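Pulled from TrEMBL:
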SIGNAL    1-27  signal peptide
TRANSMEM  96-114  transmembrane segment
TRANSMEM  121-144  transmembrane segment
TRANSMEM  156-174  transmembrane segment
TRANSMEM  186-205  transmembrane segment
TRANSMEM  328-347  transmembrane segment
TRANSMEM  353-377  transmembrane segment
TRANSMEM  389-410  transmembrane segment
Amino acid sequence: MLLLSRSFFRLLGLCNNFAYVVMLSAAHDILEKQESKNSTVTASDQLAVGLRPGNSRNSSRYDCSPVSTGAVLLADILPTLFIKISAPFVIHKVPYGFRVLFCVAMAAASFLLVSFSSAVWLSIVGVIFASISSGLGELSFLSLSVFFNRNVLEGWGSGTGAAGVAGSLLYAGLIQAHLSPRTTLLIMLIVPIAMLASYFCLLVHEPSLPQWSRSETECPPVDSEERQRLMDEFEDDLETSAPENRTMGPVTLQEKLAVIKGLLPFVIPLGLVYFAEYFINQGLMELLFFHNSSLSHAEQYRWYQTLYQVGVFVSRSSLRLKKFRKTWIFSLLQMVNAVFLIFAVFFQFLPSIWIVFGIILYEGLLGGVAYVNTFHFISKETESRYREFAMATSSVGDSLGIALAGAAAFPTHSYFCSL
């Protein structure tokens, strides 16, 4: 039973983060929609402002787009941040089934809006929908994990990491295979459908889980005798690893504030890790352009994102091998990464794109291991009465760091592109 729950949480993590990752991988293409609009300006007008006909990029050595990809990052993270700050205080009133349905609807709407939009602003609305889906989903599924064995967090971490690899690699691969961004995004509509099926049809819900009566909407269930046989088969494992008994009484506001204070040693290092890595991803990656590469600028950006997600996936799947409580170490190493790449962008001393590929893979490893260990130790060290609230609230750490990174990406983009 433990293995089944872990596998289903892995699938839920993959589906939940998929749209979010794809929108970041597509950031360059989303912004190019505006560039293609700008290219309709007459050649004489373009020459008057010093642009080559048919190209709205400036003449900077960084081949800058008019708007930083940080714009897409902010649209992808600010709704998530708002949800994670406000929802933990009220979301417990909404049954998990309704939350999942809403997340699925938002994810599907995001793919449809971005694929069919003819303007950047409409694409940004689609990105916002993906953010809402991912943010509410992460908060809800982390809270849901307290109703299962703590080891399902390994499955969740691995699944969210796999979403990064699958999303970025699939998007980059399909575009490389000459499919249009619209067709690529429409193909990915299968992911929200998989999320719906995995939660309502596959995951075995605990009796204590706040869920509506599923008699009318439930998919054909596993035969009760077969399910009992499986439970008996794993009885020994359940006896040694079942979740602790939880006190289900309401948690007061004063208690919640005390829990938040206790979470700061975990949340602050996580926020710093994600600030540094997303400042790299959306503030510097676009500027790490190698003119002598066989890959175009857009292709380089897509493969940067893919390698980053590979690193995240590997390290988020490592919880079974090694656990690290001192996550501040990863904050320090990630900040060193960011500073090094700032100098690399400014002085352009890196001789090969392959060196950047290695650095970005390492960056992903740091971020993934910080994430999965943070939530593991929060779950382990928080009293069972407060664990559901703590898991939901602590997810604000990475989103806050990402939002600050998106804000920092704008002045960085403007400065380097003015050189």
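Each Cβ is built from the backbone N, Cα and C atoms, and glycine gets one as well.
Automatic prediction, not curation, is the source of TrEMBL annotations.
Residues 62, 269-270, 272-273, 276-277, 279-280, 284, 287-288, 356, 359, 362-363, 366-367, 369-370, 416 of the same chain lie 6+ residues outside the transmembrane segment (328-347) yet bring a C-beta within less than 8 angstroms of a C-beta in it.
Beyond the transmembrane segment (353-377), the same-chain residues lying 6 or more positions past its ends with a Cβ under 8 Å from any Cβ of the stretch are 142, 150, 153-154, 156-157, 160-161, 164, 266-267, 269-270, 273-274, 277, 280, 285, 288, 290, 293, 295, 300, 303-304, 307-316, 318-319, 323-325, 327, 330-331, 333-334, 337, 340-341, 344, 391, 394-395, 397-398. Same-chain neighbours of the transmembrane segment (389-410): 68-71, 73-74, 77-78, 80-81, 84-85, 87-88, 91-92, 135, 138-140, 142-143, 145-146, 251, 256, 259-260, 263, 266-268, 270-279, 281-283, 371, 374-375, 378-379, 382, counting only residues six or more beyond its ends whose CB sits under 8 Å from a CB of the stretch.
96-114 is the stretch from 96-114, 156-174, 186-205 with the greatest number of Cβ pairs below 8 Å to the transmembrane segment (121-144).
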